[in-house]
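Asker: Next up is a structure, given as structure tokens.
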Amino acid sequence: MAAKILDGKAIAQKVRDEVREGVARFVAAHGRPPGLEVVLVGEDPASVTHTRSKERMSNEVGIRGRLRALPAATTEAELLACVAELDADDTVDGILVQLPLPARIRAHAVLDAIDPAKDVDGLHPVNAGLLAMGRPGGIAPCTPVGCMRLLAEAGVELAGARAVVVGRSNLVGRPMAQLLLARHATVAIAHTRTRDLKALCREADVLVVAAGKAKLIGGDWIKEGATVIDVGMNRDDAGKLVGDVDFDAVRERAAWITPVPGGVGPMTIASLLETTLRAAEARVAKR
């Protein structure tokens, strides 16, 4: 029996509707909308598309989303000055610096300069540390948060489940594992250099794949009845957008699966909007 499809577009719309209602309550209580600043250095076509989408969708739910497009020649010092300005602006609740940055700019220096309370990408060491220690008050990266919402919408019981995360990036793999641990799953982190990766994946009740390798996971890598979350975004030889999972083969064994496109992607931006609202609420609550 073919797997059920976890429709990220539909669930993302549900999240956006919830955020829109929350923003309206925030404005009524505080007289201003939550503010999100997206900072872009240069004119990389993919980054331009992503940042404009974030700006547009923020404004659609009532968040004051603004894109700061800086020249490609921007120096690290100039970018740090921009971040410092946004840190000091009380109307800004969320700051997102679009990655990747030009090679001459140290990404860690820029990310570390963002006020942790405004770090809606969840990449500041303070937020990463709080998440790793299982302590409240931090901000988790948006893609793993979106994946957790997908699992919740599918009604997947995580407590006691065997979860395998293929990928170890700071943006997806590592925080995804921490969020699953917090829900009492038994978690293994793997990657493309893991020995016997196929055997490990076959043990997973929940498999989250963020390896960045097209169709890495085949149908015979999947435990019957598993839930498969495909975070990958790749182009095949024909230029078609595909995930890290061989969708047609895997859906014959899985119980639930996310498509690419239309699965995790829409949830990432929806989760960014939700995170921005939560950051705004947390900031005003501390005053």
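Every residue, even glycine, has its Cβ placed from backbone N, Cα and C.
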Asker: Out of THR186, THR192, which does Swiss-Prot tie to the same NADP(+) site as GLY167, ARG168, SER169?
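Answerer: For NADP(+), Swiss-Prot names GLY167, ARG168, SER169; of THR186, THR192, the listed one is THR192.
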Asker: Taking the centroid of the Cβ atoms of GLY167, ARG168, SER169, THR192 (NADP(+) site), which other same-chain residues have Cβ within 8 Å of it?
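Answerer: Once GLY167, ARG168, SER169, THR192 are set aside, the remaining close residues are VAL166, VAL172, GLY173, HIS191, ALA210, ALA211, GLY212.
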Asker: Mind computing the max CA-CA distance among GLY167, ARG168, SER169, THR192, which the record assigns to NADP(+) binding, rounded to whole Å?
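Answerer: The two farthest binding residues have Cα atoms 12 Å apart.
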Asker: Using a 10 Å cut-off on Cβ-Cβ distances across all protein chains shown, tell me which of the binding-site residues (SER169, THR192) has the largest neighbour count.
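Answerer: Highest number of other Cβ atoms within 10 Å: SER169.
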Asker: Give the sequence-ordered list of residues that share a chain with ARG168 (NADP(+) binding site), lie 6 or more positions from it, and have CB atoms under 8 Å from its CB.
Answerer: ARG174, ILE189, HIS191
